[in-house]
Each structure stands twice: as structure tokens, then as C-alpha cells.
């Protein structure tokens, strides 16, 4: 039996590792090259064609379908999802699945947008006549003028491509970047044309930070009724320690018999009072030491506004009493509650 080969010397191993590196100048050169290729796209894009395409999508009577193969397929899916997030009826149609039943979702009122660098992708060329038979309006977004696909579509938009950043001019890295830039820019143009408001946009993103900041109001996240740490101004401070600590708000909400807010007394106020008064604290009432000018907020204010109010000068606070226009205590919103709500 032959002997096993010896491992390479340490110096040879380190030399091999050092070969798999890239320096800052090399990386900067790549970024500059990519910028140059993207600028080529911007400088040579036919804006009239781009505008015609945008109007076509804006006036779509049905669903705007996007399709593509490989990396272009991922971009097509992303652009479709961008439009969906803006309230536009859109969907991704897999070219392979379309030929095995999914084309049934396509109708004569729909638009089918093909994303392809070459415009000669076999799967898309097979799909085009089938989509044509369904009566859909066909658009080809390609980086090759006079492509086969462009010839069978109702509209072709050329996405100018100087070359791929890939050293072999093969890997789709610049072409897909161009597709993404073009598609998302058109989506934002449609957003502006439809005069989409922040509130409408947020309604499509209820679970995200944007949506929550524009949808959730104070009344949606506040504590109320039995959760409120309430007391009267004549109550002794020492008699209200359980109420102060048990409700998890870090404060007492001082009210009168009609539930009007008189002031607040915090656990910080308790520490300061104890330090200043010592045993005298046993005789002090909450009304003696409470803050009679606390920051408050309306139940219909946005939760994001409550967060900003808590963090505003002169010093941040951990809670805001929620009151009606008649100064009646309705609830309390806490920093912890806002953070928990996202």
C-alpha cells in the first residue's frame, strides 16, 4: 500500500490562504466599475418608452403579472411584491408552473411583464404564445434590442446594459441591478401618480414598524380601568405603596371623585421624598408631593407621538396619563408598553 501524502508545510498553507484575499483598492475598483455600468443605463434609457410602460401599468384594468427565469425571476418577484405593498394588484407567475396550470390565473384584462436579459430565454418564449392566447397584454423588459421575445410582445422596453461586472461578462449582477432599479422606480412613480398617503401605505404594512407608527393609536396600546394605579390626593403615601408597585407603571395617578386627573406621583418621587423627609413621609399625603403638571396625551393621538412626547426635553419620562378633553383619566401609556407593541 502507498503511503498517505504529507500535509503541506506551514508556510505553504499560509501562502495559499493569503491568496484568497482582496484588498481595498480592488474592491473600490469594482464599485467604481459597477457605478460606471449603472450610469450607462441611466444615460441611455429611453424615457419615452419608460413612461409608456409606467402608464400601461398605472392604467391596468386587471392584475399585473411579472415573470422571469433564474435571477431575473427573483427580481420579477420582488418588483411584483413592491407593487402589492403599494396596493397595486400584482403577482409573480412562474414560467414553468404557468405551462402546467398556473396560466389559468391570467385573463384578457391582465398584463404580463417578462424580465429577461437576453430576450431569448426558452421558457419565456414558450410562455408568450400561451399568454397571448389568454388575451393578456405582453411586455418584454430586455437588455437586448430586437430580441425574439420583444418581437412577440405588445411592448418592449430596452434596459441598456454596457456589460456585466463579472470579469467574464456572464454572471447576471449588473443586469439584475438594472432590472431592480427600473422596476422599483416605476413602482414609486405609480405610487406618486395614485397619490398614496402614508396612512394607506401603512395599512398594507400593519405588522412592520412603519405600519405600527402610522396605524396604532394611544387607545390601542394603553392600560385602562382596573389596570390603572389610581389614588386620591388625600391618601397617605405609605398607604399607597402597594398600588404604586403592583400595577407595573412606576407611578400613581392622582384623581378626584369624578376621575379628573390631579397629578402623578412616581417611584422616583417616593425616593426623593423619603430622602428629604425621612420619617416625616409617614404623615405626607400623595397630594402633598405629586406633580400637578404632568405630561398627558389624548387617546386618539398616534402611539408614535406618545413615544416622542415621552422622550422630549427637559427629561424623558416612562409613562403618560391618557385623558379626555374634559381632563378625565382614561388610561395610561407606558414606554414599556409601546416597546412591547413594536
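Placed from the backbone N, Cα and C atoms, the Cβ positions cover glycine too.
A quick note: this is a predicted structure, and the numbers were derived from the prediction, not measured.
Note: the domain 'SIS' (53-196) comprises 66 helix, 24 strand, 54 coil (DSSP; helix = H, G, I, strand = E, B). Taken from TrEMBL, the feature domain 'SIS' covers 53-196.
Look at TrEMBL and you will find 71 (among others) tagged as site 'Catalytically relevant'. Every protein chain considered, the tally of other Cβ atoms within 10 Å of the Cβ of residue 71 (site 'Catalytically relevant') stands at 16.
The number of other CB atoms found within 10 A of the CB of residue 123 (site 'Catalytically relevant'), across every protein chain shown, is 17. Residues annotated as site 'Catalytically relevant' in TrEMBL: 123 (among others).
According to TrEMBL, the feature site 'Catalytically relevant' maps to 164 (among others).
Residues or ranges marked as site 'Catalytically relevant' in TrEMBL: 205 (among others).
Residues or ranges marked as domain 'CBS' in TrEMBL: 222-284 (among others).
Under the heading domain 'CBS', TrEMBL lists 290-342 (among others).
Cβ contacts within 10 Å of residue 164 (site 'Catalytically relevant'), excluding its own Cβ and spanning all protein chains shown: 20. Between the CA atoms of residue 123 (site 'Catalytically relevant') and residue 164 (site 'Catalytically relevant') there is a gap of 22 Å, rounded to the nearest whole number.
Separation of the C-alpha atoms of residue 164 (site 'Catalytically relevant') and residue 71 (site 'Catalytically relevant'): 13 Å, rounded to the nearest whole number.
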